[in-house]
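Under the heading active site, charge relay system, TrEMBL lists ASP148, HIS209, SER389. TrEMBL lists 139-422 with the feature domain 'Peptidase S8/S53'. What TrEMBL lists as signal peptide is 1-25.
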Amino acid sequence: MKRPIWSTVVTALIAVTLGAVPAHAAPVSAATATPTPADPVDPALQDEVTDGGTVRVNVVTRSRADLPAAARASETGKALQTLSTLPVTTLNVDKAGLEELAAQPGVVSVTEDVAVPPTLDSTIPVVGAGKTAAAGQTGAGNVVAVLDSGVAVKHPFFGNRVITEACFSTNNSASGVTSLCPNGTEQQEGAGAADAESGPCAASGLCSHGTHVAGIAAGNGQGLTGAPKAGVAPGAKIIAIQVFSKFSTEASCGVGKAPCVLSYSSDQLAALEKVLLLRQAGTPVVAANMSLGGGQYTTACDTDSRKVAIDNLRAAGVATVISAGNNAYTDAVGAPGCISSAITVGSTTDDDQLSSFTNRGPLLDVFAPGSNVVSSVPGNGYASYNGTSMAAPHVTGAFAVLKQAYPRASVSELESVLETSGKTISYTGAATPRIKLDLAPRITDFNGDGVQDTVVGDPKATVGGDADAGVVRVVYGGGKGTAEISQDLTAVSEGAEPGDSFGENLATFDHDRDGYTDLVVGVPAEDVGTNTDAGSAQVFYGAAGGLSTGKAPLNLVQGTGAGSILSSAPEAGDRFGAAVTAGHTTAGEPYLVIGVPGEDLGTVADAGSAHYLRGSVNVAVHQDKPGMGGAAEAGDKFGSSVAASANHLVIGSPGEAIGTLANAGGVQILKHDLSADGIPAPVQGISQDDDFVSGASEAGDQFGASLAAVAYVPSATSAATDTVFAVGSPGEALAVGTSTVTQAGAVQTFRVTGAGAVTQAANLNAEVENVQGAAEAGDKFGQKVALANLAPHEPGAADTLVLAVGIPGEDLGTTADAGAVQTFYPFGAPGDTDFWVEAGNASGLVGTPTAGHAVGNHLGATASRFYVGVPNTAPYGAAQSLPWGNATGGRTGATGTVTVHQPGQNGLPAAGGGFGWAIG
């Protein structure tokens, strides 16, 4: 958007509940405030009542039962305002009244009822909201409240989405203050009550600010000529509340600035209470925006009368988002943004520089764009304004978008999402995240239409007469058709060849950070020159037209490109791309890990390695690097399996010999942070010889043959720095009675903390109590594993964390190798939370048990779906997509429709040979 600087400079303050909220925000009941301090009266008030003067104050009492006594301290013996639920009253008092309030044991605080201006001085693409809207995350189903100077409710930018209006505006003729409520009273509710284009607002022309703020939070310019494309949450509905009054004197407005609009904190209190009542009545309001304020506070101002209301809203699931102010303070913000339980927002420019006017410092929670922001104004127009007033509604809208993506998340959890996915802005004395909304919620969406897409690999497909060259097929969500990708695309440097097995491994992430999902395809059997099975990998980029319709793919071949990939020569049998994983770190950086299990290290054959790519980082990781567990040995095949979360990497070496025990296996854990040696920092190497790991290393166990990992939040008070990962040992032999059952298989799960502590979370095999089925030779329990965290920013629980274990060699009755899957909660002993998945059972997996189908050998997982590939299904293979509720017997939510993808159906060509080998 173009953002020419608006000539007027004002200060608008919005309480943006989007930073980490200290434990300060303990909810306060509607009837009870905080313990009574020794002197509840703000000392500055004494200056206001000298020489017989009076002052307008807000009095917070210990309980509502104390309000009548407090009201008697008013010079008239009556309150100017008493709220219906909060222990707060507004009085006009003289010196004697202040003394009386100070002596009352039920009085908690007495502060001036200050009138403050909007925080306007003198954006949407920067925070990624355009991408989340394109992905269907528009804030639909949620409501934002705008406590401001009213809203032009009929403006086309709002499309009839203003659902509730109210006005709390003061009349005080002695001070030259008149109400802006359309009917002239101090309180009005219902249609038209906050309309900025009627009544005194229309007559004065002073009420454009609130319309501009509301447009940033929730405007929608689709189909409108001359309008910005959209606000942050174009699908959210709006509560408009007028909290400003018209002031007619220069004593209040400043020399040459009368008349002006200012807002009493008592009117803000009434509005905050109104929002709470609406929430309690069922309106799904998620954030209240206050782009207003004043003063200079370097420490929290928790004696402010508005804190009790902000705390109550937070406890009810409503964030109060407040602008920091426009005084350019380097270590202070205004009030009410100084309240510790509010989310306070500063302003940056579109290129992530501090706006010259913004307040900042330790009390600031987040930054958002606030310079030259175009939004709606009364008269069906649009204008560019500056100020922290403009920054705050970016955060308010972000809450609506995130609540749509994470409907069960609390204010603190959503705030954490914004902070951990934001870009850090460092400045003297502090560092504060600038929100980056498109890095928070993620779905697999190659064409940006907001609907989940599915991608399926068929490495056995014939391409142009080349058998087993392989293809990848894309099924676009919402009935948008299908697409086929192969190495015969002109942009792919290596053409399709027999036996390439293109599509054997897949991973998805947003490599170029443009909001479209990108696809990684591993091609481990690719011949490079005369080097057979040297391997390669390609990254295909998403675009509005679909996968690979935009820029050319990135071809990754050893000996080309940059970094460690360039310095590594392709050799026969390397199998570069035999395992791939990709994702985003907690800082939002895309990463890619490529396994090369056949890599020779010097004269050590098949020692194996992996390449780690993140931004400018392009490094090789292997067991001869400093700090790694174990040492590179022939046949280790390090990199045969890879998995990662936002916090950690896990790399398997199933060929690892433990002592004289060949192919016992091992796993290396690393962090995304680089070590002094320039590689992902090693955390620990583990094997079944470690005391804390169940079982013992045995020849042929292949511990680490399969891996899966997800980020994990252990509790409501901890950060999302941990990882849960699963390790499959499909070759594990189990003792059953006096017999040894070979290749029965086993799985262990582990937790690694941000500090690097590793503990076992669960031990699973068919001989463990409550694990279904009996141990049989060739079951290969754990041949494949998948993990999903259905609520990645919430504390992990049985209804949000799922481990799926493939058992492809399972015989079902007399049907050999029909295969099955069992799902578990990855912590503790198995029990009631476990569920069995086989063809034709209650899971909804379509079909009947069939010999050789080996269900469980090809698995995939996202936060919303569980994928089961059955490439042995006649005639071309199949892949099924299940809601997690189906795969867990309802433990993780409702069951639903199972989608079957099969060549020859629903637009997929009737061709292939192993459709379903990889799926995601």
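Backbone N, Cα and C define each Cβ position, glycine as well.
Just so you know, TrEMBL annotations are computer predictions that nobody has curated.
TrEMBL feature annotations superimposed on the structure.
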residue : record                           : Cβ within 10 Å
ASP148  : active site, charge relay system : 32
HIS209  : active site, charge relay system : 29
SER389  : active site, charge relay system : 36
Any idea what the Cα distance is from SER389 (active site, charge relay system) over to HIS209 (active site, charge relay system), rounded to a whole Å?
9
Local confidence of the domain 'Peptidase S8/S53' (139-422) - pLDDT mean:
93
Length of the line joining the Cα atoms of HIS209 (active site, charge relay system) and ASP148 (active site, charge relay system), in Å:
7
Could you tell me which three-state DSSP class ASP148 (active site, charge relay system) falls into?
strand
What three-state secondary structure does DSSP assign to SER389 (active site, charge relay system)?
helix
